[in-house]
Every structure is written in structure tokens, then in C-alpha cells.
Amino acid sequence: MTTAIDVTGLVKTFGQTRALNGLNLHVETGEVHGFLGPNGAGKSTTIRVLLGLLRSDSGRAVVLDGDPWTDAVALHKRLAYVPGDVELWPNLTGGEAIDLLGRLRGGLNEARREELIERFALDPSKKGRTYSKGNRQKVAIISALASDVELLILDEPTAGLDPLMETVFQDFIRQAKAEGRTVLLSSHILAQVEKLCDKISIIRQGEVVQSGTLTEMRHLTRTTVEVETAEPASGLEELPGIHDLEAQNGRLRFAVDGEHLDGVVRQLTRFGIRALTSHPPTLEELMLRHYGDELQSNGSGRHAASRGKAGETT
Amino acid sequence: MTTSTAVSRGAEQGTPDRQNTLAGTGMLVRFMLRRDRIRIPVWMAVIVLLTLSVNGSWEETYGTAGELREIAQTLDSPAMIAMAGVNYAGVEATTYGALMGQQMFWSTLIAVGIMSILLLVRHTRAEEEANRAELVRANVVGRHAYLTAALTVVGIANLGIGLLMAVGLGAMGVPTIDWPGSWLYGAGHVVVGMAFAAVAAVTVQITEYSRGAAGMAFGVLGAAYALRAMGDVGENVLNWFSPLGWAQETRVYVEDRWWPLLFVVVAVVLAGVAYHLSTRRDVGSGLRASRAGTPVASRALVTPIGFAMRLHRGLMIGFGVAVALLGLAYGSVLGSAEQLVEDLDAYQDMLEGMAGSAIEAFGATILTIMALIASIYVVLAMQRPRGEETSGRAEPVLSTAASRTRWLGSHVAVAIGGSVVMLLAIAVAFGAAGAASVGEGELFGRLATGALAYVPALWLTIGVAVALLGWLPRAVVLTWVIPVYGIIVIYLGGLFQFPDWLNNLSPFGHVPQMPSDDFRLTPLLILTAVAAVLIALGLYGFRQRDLDVK
Ligand SMILES: Nc1ncnc2c1ncn2[C@@H]1O[C@H](COP(=O)(O)OP(=O)(O)OP(=O)(O)O)[C@@H](O)[C@H]1O
Ligand SMILES: [Mg+2]
């Protein structure tokens, strides 16, 4: 497999704020890669470095075998970008904006442009100022998806889209994947990521803290188990990898680390299992663990402070 | 802040009807004043201190009656009358007060006009455009509260300026700058400021874009200035159609006439029109609903240059029409300058034939002024790329195959072309109208060449803006220094005989003053070369820096 995006040790500072702190990111060609993390974690900053809009302080970034800063123009013919907060020109219509961005990129697939406008139910003849938030977002999405490009870089593309449009968006991303395109998708919508993404990277305070397929990540984290046994189970506390054990009228409830699940189930069979439900952590639980850690760690104070400062300047 | 204040205030204020439409006005006024707690005092300080410092320098600079007469004579030219106004005391009987009324009054009147327009638009249409008004009006805020509050705030600023000026001037006790005249001097500023606030109150109802609203109001201000000049130079009634004319016709410190200020009723009527129009539109929209446009882009739009052209089109056309009209206005009074010269005391003892050179000097000064006005276009045009960047609209464009150099270069190219368009408009309009009014066909060529000679100075202004954009993007607004400095130098330079080097600091100081001077190519080539270097430097810098993202 070839690599579409390869980032190692990326650092980007804005004055006092260290937005990226040695970030590593690896996206294979043809995969849909989810990019998750709390507000202010550095997702948009990473994406802007990948687009050559910001220059990194140190570290290496390779996009489609090129350097995003020096080869920007050549690379931009092969990729399309949707920002999280689309601003349109007040006196240009949505259709004009779609064409403008598409043509400047190197061309649009007319048939797909029509299809996208139809499926997303966008009126392309309205002036930019009169579009609602969701419709502004659609303009950028349509322009990006209608371009025949290898790489789609999407920064919270569907913020503000209604649920119906969300499913349309997901259809098109699947189609893009089937066509062999690579997608980097930053998102706060976990269901979307869960449905679309082959791989996920979780970023926190400018660093990628976890990266892999959802299955791998689940394996690395705890599974919740609820079990009812014929005889009262005992000795579970001593087993390795068991957490948050609770007993309630003959039922047991606990969480267990992925690699110790096997041993725990063996132990349980001795007491005669009557009913057993287990569920792997949802992405939400995975995320909350990471986001929650952040709050507990000393980082929270520092982070909030730096974010407050940046908030004033914007 | 709060609804409860609004409710109790509304309840205090009489009839249920007024309560509904004006509820929350007091709260909004306090809120606006708080937002402008730096801006308004800065405006006030600059305008008042400028006036007082000029007033303070009269006795020092023109201590003897002879010196005073001499400067009054110098200023008693068609060019100065067109630019500033009439010395109502006449050269022989001139006083400090009369010079104050001729030389100083007009400039601060225009300044309060500009301030009033900017403040009013900022608190009304700009708020709606940013969707903040919607947020505020969802509270207990009446339909007319916004406009009333904005007019009140502008009124407070103008009253503050008028009062401080009157008290300052009166208290300084400069001979002939007396108390009664000083009160009138201050009142003139209030009337003119409120007149343009009322004009802006109307224009913000018409269009949904704050830039357009301000542009229209500035157009009216420009027309008012041109009408005043046409009336004074042509010795006709046109100046009475201008708020600036009402104030200057008070003949402050000479005759101290208050009655011309009664024309303030026009402002009241305009404000009434504004209130009426505001009831005929929705929050956030203009008088006409925005029409649907084309669903696909034309071939011309989808290139960087075509796109930049589209973004600049409105400004270029609007400004081009404005300078063309100004050129026609000034040109049409060029012939009257001849008559005026004969009337002016200053030229009485001069020989026959001096009238011709007076016309040329007049033409040359007017061309400089119009070139400086054209440089305002350049400054505005060069704020566009910065606006695109900070609003976040440049980001998706620069993520396409349009390189940074092509993107910024397109804006630069449009401004380069636009500056030629402005000067061509001036050349044709002023040249044709001027040659016609003087009745000398060959004057057209010299006036037109004189106008076009300013092209390199405008390009240099573009160069400064691009260099700032590349290296110090936050400082792009400093490009305003060029037109402002240029105007100060040619105007105060005439009054206080500035040393040459002050004039040479302005790019406009190096342009041959045709038709009085002969055409010289060298300075123009140097200006062009400096402009090219600055532009190249700016484009290079823009390639090296982070984009300012939203
Ligand atoms: N131009 C800038 N100047 C100063 N600080 C900035 C700038 N851009 C980003 N930052 C800071 O860098 C950090 C990372 O911001 P970034 O926008 O990349 O976060 P994000 O992960 O995209 O967050 P969100 O989920 O809210 O979009 C934040 O602390 C932000 O305040
Ligand atoms: Mg972001």
C-alpha cells in the first residue's frame, strides 16, 4: 500500500500557544481516515499545514509524495478541501462558488456536480449572503466532491447539516472510497466516523494519542461485561484486568481489559453461566476516556488558558 | 445586560406605542458608547486638537498685519477657493477668524461628516450584516431602537466635538476668534455631522451591505464637497445645495450668520425618511429582496484574475463614476476661475495675461486633489485581499491550484488597472469639461496628460499596500497614511509654507504639476520602479508567511 499522508514530529506554535506538539499521522492511499479530538486539539491546524496554508515550525509532512509548502500548487490539483466554517462571497451565487473553486482546482465533473446539487437539494442560484449555515457547508462539499481528485481533506464538513443530508454525505464518501480516493475526515460526529472510517487517529493537545482501526482500538480498551451465574461467582477481584466490579442481586457487572477477557470468561464458566452480555466500548466511550483523561491531567488548566487567549484574537 | 433595564426604561417612556418601537434604546446607546469608548474619543481628540493647534499658531506664524495680508492674498486663488472656501472678510480686511473660516473649517467639517457616516453604518447595517443585530433585537428592543440609538450616539459625538471646539477656541482668546463666532463654529460641525448621519441613516436602509451603504453616503459627501466648490468658484447658488455650504455660508468670525444652519431641517426630514424606509424592510435585508443569480459560473469568473475582477467590480465602477462626476464638476468651473481671478483682490495689481497662469495653477491643484482622491480608491481596493483573508474566504481558494502569487497578483493587477481607469476618467472628464469651460481646445491634452502623470504615484501606493500585506499584514490599514498625508501636505503646506522635504515624502510630491509645470518623465520612471520593487517584495513576503486563518 502507498501512503497518502505521512506526518512525523510536526510542531506548530502560535506565539505562546503550542498548537501541534510533535504530531504523527499516517494515512494510507484509499482509506477513509477519521481525525478526532476535543476542541482546540489541533485538527484544523494540522489540516492547514497539510494544505500549505500554514508553515510548520519543525517536523516533516508529506502529502501525495509532495511537500505541502513548496509543492502546494501541484498538490492542490490533486486534492480538495472543505473547511469547517464555510464563508461565501456575498455577491456570488452558490453555483458560481462551486464552479469557481472547482475550476481553480483544475476542473469539475459536470455530471457529478448536477447529481450532487440534486441529492443535496441545494438551490445554486441564491446569493452567498442568503444561504443558511448548512447550505453554505453544502456549497463547499459539492465543489469538493465534484472534483476528480485523489485526496479529500474534510474538516468537520457536515457541521450544520441536517440528518437527511448527513446520510447523503455518507453515501458520497462511500462512493469516493469505492472509487479509490483517500479521505481525511475530521469530525465530532462519532456515528459518522464509526460508519465511514477505516482508521482513526485521536489527537489531544497537538499530539496523536492513539491511532488504528476501530477494532484495534477496542481491543486496547475495556469491554463491559454483564453476567448471571448459577452459583455466586467469587475470586474475580483477584484476576488481572478487571475494573469497576459491581454485584447486584446475582448479576455481576464489570469492565475488563481486552487482553484479559479470555481468562475472565474461563473463570466465569466454573460458576455456570446463565446469561452473558458483553459489549465492546462504543467510540463514544473511547473518546470520552481520552477527553476525560485530559480533564484529569494537569493539561486541563494550561489548555483552557491557551485556548482562552486564542479565542480573543479570533 | 439586560432585558430588565430595557423593560423598565420602556415602561417609563410614555405611550404604549413609543414603548414598543423605542424600547431598549437607552440600553443600546450605552452599549454602543461602550463599544466605541476608544473610537469616539479618538475622533473627537484628533478633530478638536487639530483645530486648536492651528488656531494656536496664527499669531506666531502671521504676527504682523503685513504677513497676514500676504498669506490671505496667496490663499485667495481659485484653487484654494475650490479646495477650501471663500475668505469672506476679503484680503484687505482679513483676520485670523476669517482665515479660520476659509482654511480650517472645511476640513474638520468633512472630518465630522466622515466620522458620522462611519459610526452610523457601523452601528446599524454592519451589525445587521454580521447577524449581531438579530441577536439583540430578539430581546426587548423596539423596531426603531437601533436607528434611534445610533443617531443618538453619533449626535453625542458631534455635540462633544462642537462643544469642545467652541469652548477651546473661545477660551484661547486669539484676536477676532471670539466667543460668539466660536459657538457658531462648533454648531456648524454639529449640523454638518448630523446631516451626514441622516444621509447614512437612509443609505443603510437601501442596501444590505454595509460597504455599499457607506459608499453611497460618501458619494453624497463627495457631491456635497463638489457642489460647495462649484458654488464658490462659479459664484452661484450651487453651494447652498451642500451641507458644507450651509456651514461655510455662516461666514463665521466675519458676519456670524446663524440662519444658514436652519437648513438642518433637511437632515431631520432625511432621518424621517430613514425611519419610514426601515419599516418597509426586514432585519438584515435591503429595500429590495435579493434576486436569484446564475446557477453556473461564467467562463470569465473562474480564473484568478476574473474572480478578482468580480470582487472589485462594484468599487471600481462606483468610484470611477464618482471621480468622473467630480472631474466634470471641477472642470466646469475652470472657466469661471478666469472671472474669479478678475474679482479677487489678490490679482488686482497683476498684469493682464496672468489670468492664464492662474487657471493653470488652479488646474494643477485640482488635479493633485483628484489624484489623491483616486488614491483612496487604491487604498480601498488593496484592503480587499486582506478582507478576503481575515474573513476566511481566501482559505478555500488558496487550497486550490491558484497559487498565492496568482491570487494576490490578481488583486494587484486589478488595482493597477483600476488606478489607470480612475485617472482616465478624471483625465477625460476634467480635461473635456475644463477645456470647454475655458474655451481652449488645446487645454484638454495638457489637463489629460497632467491627470495620467499620477499613474505611477498610484502604483506606488499599491506597492506600499502589497509590501505591508506580505510582511506586516495587520498594518495594511496604514496605507491610508498616503492619501491623508498627501492631502495634509498640499493643503497645510500652502498655509504654513512647509519645507520641501515634507512634500517630497509623499509620492504625489514628485509628480510634475501639469499644466503649470512641464511634463518630466524621470520622476515618473523612478516612481514606477519603486512601485515594482515594492510589489515584488510584497508578493515574495506573502508566499513566505502563514495565511491568517479565521
Ligand atoms: N491563527 C491562530 N493564532 C493563534 N492560535 C491559534 C491559531 N489557530 C489555532 N490556534 C490555537 O491552536 C490550537 C489548535 O486549534 P485548532 O483550530 O487546530 O483546533 P481543532 O482541533 O480544529 O478544534 P475544533 O474541534 O474546535 O475545530 C487552539 O488552542 C487554537 O486556539
Ligand atoms: Mg477545527
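Any Cβ shown, glycine's included, is placed from N, Cα and C.
What TrEMBL records for B:40-58, B:104-124, B:145-171, B:183-206, B:213-231, B:258-278, B:315-337, B:357-380, B:412-439, B:451-472, B:477-499, B:519-542 is transmembrane segment.
Tertiary neighbourhood of the transmembrane segment (B:40-58): same-chain residues 33, 96, 99-100, 103-104, 107-108, 111-112, 115, 119, 153, 156-157, 160-161, 164-165, 168-169, 172, 174, 177, 189, 496, selected by CB-CB distance under 8 Å and a gap of 6+ residues from either end. In terms of C-beta pairs under 8 Å, the stretch of B:145-171, B:183-206, B:258-278, B:412-439, B:519-542 lying closest in packing to the transmembrane segment (B:451-472) is B:519-542.
In terms of C-beta pairs under 8 Å, the stretch of B:104-124, B:145-171, B:213-231, B:315-337, B:519-542 lying closest in packing to the transmembrane segment (B:183-206) is B:145-171. Through the fold, the transmembrane segment (B:104-124) approaches residues 32, 36, 39-40, 43, 46-47, 50-51, 54-55, 83-85, 133, 146-147, 149-151, 153-154, 157-158, 161, 165, 185, 188-189, 192-197, 199-201, 203-204, 210, 213-214, 217-218, 221, 224-225, 228, 243-244, 247-248, 252, 491 of its own chain, all at least 6 residues removed from its boundaries and within a Cβ separation under 8 Å. Proximity of distant same-chain residues to the transmembrane segment (B:315-337), defined by a Cβ-Cβ separation under 8 Å and at least 6 residues beyond the stretch ends, is recorded for 78, 82, 215, 219, 222-223, 226-227, 229-230, 233-235, 358-359, 362-363, 366, 370, 373-374, 376-377, 380-381, 384, 414, 418, 421-422, 425-439, 447. Long-range Cβ contacts of the transmembrane segment (B:145-171) within its own chain (Cβ-Cβ under 8 Å, at least 6 residues beyond either end) map to 21-25, 28-29, 31-33, 36, 40, 43-44, 47-48, 51-52, 55, 108, 112, 115-116, 119-120, 123-124, 127, 133, 136-137, 177-179, 181-183, 185-190, 193-194, 197-198, 201, 271, 274-275, 278.
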